[in-house]
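Q: One structure, pasted below without further comment.
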Amino acid sequence: MASALFIVVLLTLASSGALAMDPDPLQDFCVADKASPVLVNGFVCKNPMKVDANDFFFSGLNKPGNTDNKVGSNVTTVNVNQIGGLNTLGISLVRIDYAPYGQNPPHTHPRATEILTVIEGTLLVGFVTSNPQNRLIFKVLNAGDVFVFPVGLIHFQFNPGHENAVAIAALSSQNPGVITIANAVFGSNPKIDGGILAKAFQVDKKVIDYLQSQFWEDNNN
């Protein structure tokens, strides 16, 4: 009886792991039908007879993004929302532009591993492992270098140079999602109770109140 239960548990864990990533396609393609009112995990398939090359196409990744903002970076996203043909294919792409001393602040992709290639400039990149070690694993990258950020882990990129930097990253989901840590914690709507955050970060509540006012305004304008 115990051995049978053990096998059931193993099979359950194996199946849950298999379902943790984007589902595999069951046909050549399943172009997203974004006009459909049907709600599924992903998008309903567009009629394949109405699919054309534009459903697999995006133009403009050669154009620099506007980095004139508080963090000094811009992410140009190419996922299923830009290319409907990515639906069920489990992959997407971003271009990241960095001003001098700009950063892509600490964030996580809940549904994807990321592999980043520096196209020009220099980047300091890193990720933090999960509790309880919370190790910072980091490296300075130059043009042509590649770095991997494991799925779900907090990571960042920073341009330490006097020139602009550019990177291209691929992600293992058609819709990786992104949670920017500071925005989520201090800019949530409604706000997380300031006393909770003050205790969590071991700072005076006035510090939390200030941070919430800044991030909440940015997130909700």
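From the backbone N, Cα and C atoms, a Cβ is placed for every residue, glycine too.
Below are the features listed in TrEMBL for this protein:
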{"type": "BINDING", "residues": "N104, H109, E114", "note": "oxalate binding site"}
{"type": "BINDING", "residues": "H107, H109, E114, H155", "note": "Mn(2+) binding site"}
{"type": "DISULFID", "residues": "C30-C45", "note": "disulfide bond"}
{"type": "DOMAIN", "residues": "59-209", "note": "domain 'Cupin type-1'"}
{"type": "SIGNAL", "residues": "1-20", "note": "signal peptide"}
Q: For the domain 'Cupin type-1' (59-209), would you mind checking the mean pLDDT of the predicted model?
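A: It averages 97.
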Q: Taking the centroid of the Cβ atoms of N104, H109, E114 as the oxalate site, which other residues of that chain lie with their Cβ within 8 Å of it, listed in sequence order?
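A: The answer, listed by sequence position, is V94, H107, T108, A112, L116, F149, H155, A169, L171, P176, V178.
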Q: What recorded positions in the list C30, C45, H155 lie within 10 angstroms of H109 (oxalate binding site), counting C-alpha atoms?
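A: Those near H109 (oxalate binding site) - Cα within 10 Å - are H155, in sequence order.
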Q: Would you mind sorting out which of C30, C45, N104 (the recorded positions) have a C-alpha within 10 A of the one on H155 (Mn(2+) binding site)?
A: N104
Q: Take the mean position of the Cβ atoms of H107, H109, E114, H155, the recorded Mn(2+) site. Which other residues of that chain put their Cβ within 8 Å of it?
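A: So the additional residues around the site are T108, A112, F127, F149, L153, I154, P176, V178.
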Q: State the count of C-beta atoms found within 10 angstroms of the C-beta of C45 (disulfide bond), not counting that atom itself.
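A: Its Cβ has 20 other Cβ atoms within 10 Å.
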Q: In whole Å, how far does the CA atom of E114 (oxalate binding site) lie from that of H107 (Mn(2+) binding site)?
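A: E114 (oxalate binding site) and H107 (Mn(2+) binding site) have their Cα atoms 12 Å apart.
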Q: Quick one: pull the CA-CA distance for H107 (Mn(2+) binding site) versus C30 (disulfide bond), whole Å only.
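A: Each residue's Cα considered, H107 (Mn(2+) binding site) and C30 (disulfide bond) end up 30 Å apart.
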Q: Measuring Cα to Cα, how far is N104 (oxalate binding site) from C30 (disulfide bond) in Å?
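A: That separation, Cα to Cα, works out to 32 Å.
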